[in-house]
């Protein structure tokens, strides 16, 4: 079929949420003429649910986005109202930043960034169809009948894809926050042959700040110590006038109200059909599943500096409006609270992610990429990370360059994408530190060391950032080398000082680096014995040195595991392999291999239901050039 195109682009991104913004900025910055199409320009980078960025594992993803040259990190550093480092009492592997955002300012700042970006056209329009010829993308069709040509298309439609809002017995077609739903595109994605799933998520009510009795709640302030998501942000710019959050709880009265109205809850009446998020359940779901709990935490989170709206985190619900009011008034501090917006549930279509390659390109259609909640994830950060990778790979494909695949040992983004394309997901996927087997090397403090060179190679890290990174890396490397070269000897003068500080004396000579491995010895103590570095070191470099030195043994073990897995990842599986020709593998393994079509032995080994014996047979088959274990 010959199409008459009115406009032509290298890449078209459908949807301007957190995934779409990162995808379009990446493609345009890599030199591709890009169109970012959105149903509503006023909702670009909008936060329809929680007004925050970061959190456990998620905060590390934002740092990874920054190291690769993405935008979310810089934007939240410009627009937060509170910053907090989580899990400071635990090990470095699980520490992560979380920021409360001024949600309106966040969206405005990101829109301004997109508007001034070269090579990027921003357009309010509804995309109804993906145009495909001979198994590859050639463009898109708008609701008004316009056809735009494209060499690659990235679908980042979020919860708008056949979205339906549910509130009590009310159910109607809608995207998030009462925006338009994308129904025709959902129909046409299915017609293209993609397998579609149905998920559900929800949001809590918002209450008016001036109607809250804060004296009945517990204050939750931000941190005084400067922290940032972007490695380029300066401590001098750290916000001093932060806005606190507040903590309160549900109680038995709250639980009674919910239990008495379960028959009216869409979650239990059968109105909700989609699968909801395990790690962010509705309050009615929590009350039923954890009936033994006397109370549940609720955080009152301001939505911005210039608004009265307060987000009641932990109270996600689709109960009828009258029940929501009663529920709110049962909570300490909210007895007279004015509900400004009701909570609601939203159901939406997803593209089942086992149909994707690790580049986030669909296996079915060349040049068609998907990212974000479209792939079955939850969260702004997960969406932004996928959007960045999808955008990068769309640009690389258009330019005929090698693709970028982040491994599980490279980044949490790599863990997430590998989980999605290898295991799929039966519920909205959320990143957790427990999902990463190499979390000690995927830390908050070393994201730039892991990924900045990759960002530079693909063209997203500019000269200023690259110079700053080189300076930091050289300072780190030089100081590590110095600490490993200076010896402390167990002489009287040294041991007298050691014992004065309350530490065990030295029995053997050791390097300053070995001295620092002692749990009680920090960098400042070590250099008091061996002298300072040639130049003043930033506190973040010192933190990195302490972590790398104190956990060196564990880090080395993790790197050994990475090297072992790398050998399996390098063993490619032919795309046209005949799984039925391999004798002796288990039926379940054969079915999973056919469904997912893994690209490497490493990926095959991570598929649920596949055991080591199946992998051994597969490797023997491949090593025999397809002759061993072939059926005749």
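Glycine residues also receive a Cβ, built from the backbone N, Cα and C atoms like all the rest.
For 15, 16, 17, 18, 19, 20, 127, 182, 373, the entry in Swiss-Prot reads FAD binding site, with the evidence type sequence analysis. The number of other Cβ atoms within 10 Å of the Cβ belonging to residue 373 (FAD binding site), over all protein chains shown, comes to 30.
Other Cβ atoms within 10 Å of the Cβ of residue 276 (NAD(+) binding site), summed over all protein chains shown, number 21. Annotated NAD(+) binding site per Swiss-Prot: 276-290, in sequence order.
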Please name which of the binding-site residues listed here, 276, 278, 288, is nearest in space to residue 15 (FAD binding site), Cα against Cα.
276
Among 15, 16, 17, 18, 19, 20, 127, 182, 373, which the record lists as binding FAD, how far apart in Å are the two most distant Cα atoms?
18
Applying a 10 Å Cβ distance cut-off over all chains shown, what neighbour count does residue 127 (FAD binding site) have?
27
Integer Cα-Cα distance in angstrom, residue 282 (NAD(+) binding site) to residue 373 (FAD binding site):
18
Give me the count of other Cβ atoms within 10 A of the Cβ belonging to residue 288 (NAD(+) binding site).
17
Just to verify a number: CA distance, residue 284 (NAD(+) binding site) to residue 17 (FAD binding site), in angstrom, no decimals.
28
